[in-house]
Amino acid sequence: MQDRLFVSMEHPRALPETDLIKGAIVGAGAVGMAIAYSMLIQNTFDELVLVDIDRRKVEGEVMDLVHGIPFVEPSVVRAGTLADCRGVDVVVITAGARQREGETRLSLVQRNVEIFRGLIGEIMEHCPNAILLVVSNPVDVMTYVAMKLAGLPPSRVIGSGTVLDTARFRYLLAERLRVDPRSLHAYIIGEHGDSEVPVWSRANVAGAFLSEIEPAVGTPDDPAKMFEVFEHVKNAAYEIIERKGATSWAIGLATTQIVRAITRNQNRVLPVSVLMSGLHGIEEVCLAYPAVLNRQGIDRLVKFSLSPGEEEQLQRSARVMRQTLDGIQF
């Protein structure tokens, strides 16, 4: 059964079983600090180091955070450099150029590649045994770039993928159907961006598949107009950026869930960015795809069934990624 359900990843080593779990966040902007806050209140790490090129700012952010430690489980949070991150289990990378209003994620790519050139080498110098979690946009491209620059196996370089998109999808669908989002199972896969793919054929509530109840679900012919839900999901980041300048809180919560799945060895399935190696005929690009996460990093990929239309959309998303990768220098 497992052979038919999963594709195993190569993982030469797992995170060591230790009493203390240590992590680092590189980049103390809005996203990095939302992640740090979420991790602090969920007791994700015993020790957390925040790194940023603006040392005074990150020191101020840490001061603000640690004054709240009496209200949560005790942990150590400090500002530092990458040299202070030796021995960490997970490095979360949020550093990068900020997405401008109206700017697509893909237009960020070359600017962020230049930032990653020096950054990844320094991370590997000081944290060679850590799992890398890339949050910087465009996340699928930057995950691939980080993997190549780091020289690590694909199981140890993970992107935040469409974990947030999937959460938005479930939240908005659940709102329509008047159920708890945790009781609704649906995924968005592919690019974290404009070519992402809603998997309507697998969306279900307690095993009741929406596509069996309404075969036209997610299409313009759907009388319930569920396709509007996906349009809201796809445009959510642009709408938030227009109103407040950046997204932060939800990606902070999403990233914390990914890290907890890894460090707590949860074997949890989340749609993270992973190197595709033959699934659905896709090779040598990183896309968001349901993966089993534990202390190995990405342990296995789920062999996900798609409708013919969804399969074509995923192939198109892969082509978008391939074109972008072919056009950058790293």
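Cβ coordinates are placed from backbone N, Cα and C, and glycine is handled just like the others.
As recorded in Swiss-Prot:
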type	residues	note
ACT_SITE	His192	active site, proton acceptor
BINDING	Val31, Asp52, Lys57, Gly96, Ala97, Val135, Ser136, Asn137, Ser160	NAD(+) binding site
BINDING	Gln99, Arg105, Asn137, Pro138, Val139, Asp140, Asp165, Thr166, Ala167, Arg168, Thr247	substrate binding site
BINDING	Arg170, His185	beta-D-fructose 1,6-bisphosphate binding site
MOD_RES	Tyr238	phosphotyrosine
Where His185 (beta-D-fructose 1,6-bisphosphate binding site) sits in the secondary structure, as DSSP reduces it to three classes: strand
Around Val139 (substrate binding site), which of the listed binding-site residues (Val31, Lys57, Ala97, Ser160, Arg170, His185) come within 10 Å, judging by Cα atoms? Ser160
Relative to the Cα of His192 (active site, proton acceptor), which of the binding-site residues Lys57, Ala97, Asn137, Ser160, Asp165 have a Cα no more than 10 Å away? Asn137, Ser160, Asp165
Max Cα distance spanning Val31, Asp52, Lys57, Gly96, Ala97, Val135, Ser136, Asn137, Ser160 (NAD(+) binders), Å? 25
Are there recorded positions among Val31, Ala97, His185, Tyr238 that sit within 10 Å of Thr247 (substrate binding site), Cα to Cα? If so, list them; otherwise say none. Val31, Tyr238
Could you give the Cα-Cα distance between Arg170 (beta-D-fructose 1,6-bisphosphate binding site) and Ala97 (NAD(+) binding site), in whole Å? 29
Whole-number Å only: compute the distance from the Cα of Ser136 (NAD(+) binding site) to the Cα of His185 (beta-D-fructose 1,6-bisphosphate binding site). 26
The number of other Cβ atoms within 10 Å of the Cβ of the residue listed as 'active site, proton acceptor', counted over all protein chains shown, is 30
Out of the recorded positions listed (Ala97, His185, Tyr238), which are within 10 Å of Asn137 (substrate binding site), Cα to Cα? Ala97
Residue pair His185 (beta-D-fructose 1,6-bisphosphate binding site), Lys57 (NAD(+) binding site) - Cα distance, angstrom, rounded: 40
Ala97, Ser160, Asp165, Arg170: which of these binding-site residues has the sparsest Cβ neighbourhood within 10 Å? Ala97
One finds that other Cβ atoms within 10 Å of the Cβ of Asn137 (substrate binding site) number exactly 29
Rounded to the nearest angstrom, how far is the Cα of Tyr238 (phosphotyrosine) from the Cα of Lys57 (NAD(+) binding site)? 27
Expressed in Å to no decimal places, the gap between the Cα atoms of Ala97 (NAD(+) binding site) and Asp165 (substrate binding site) is 21
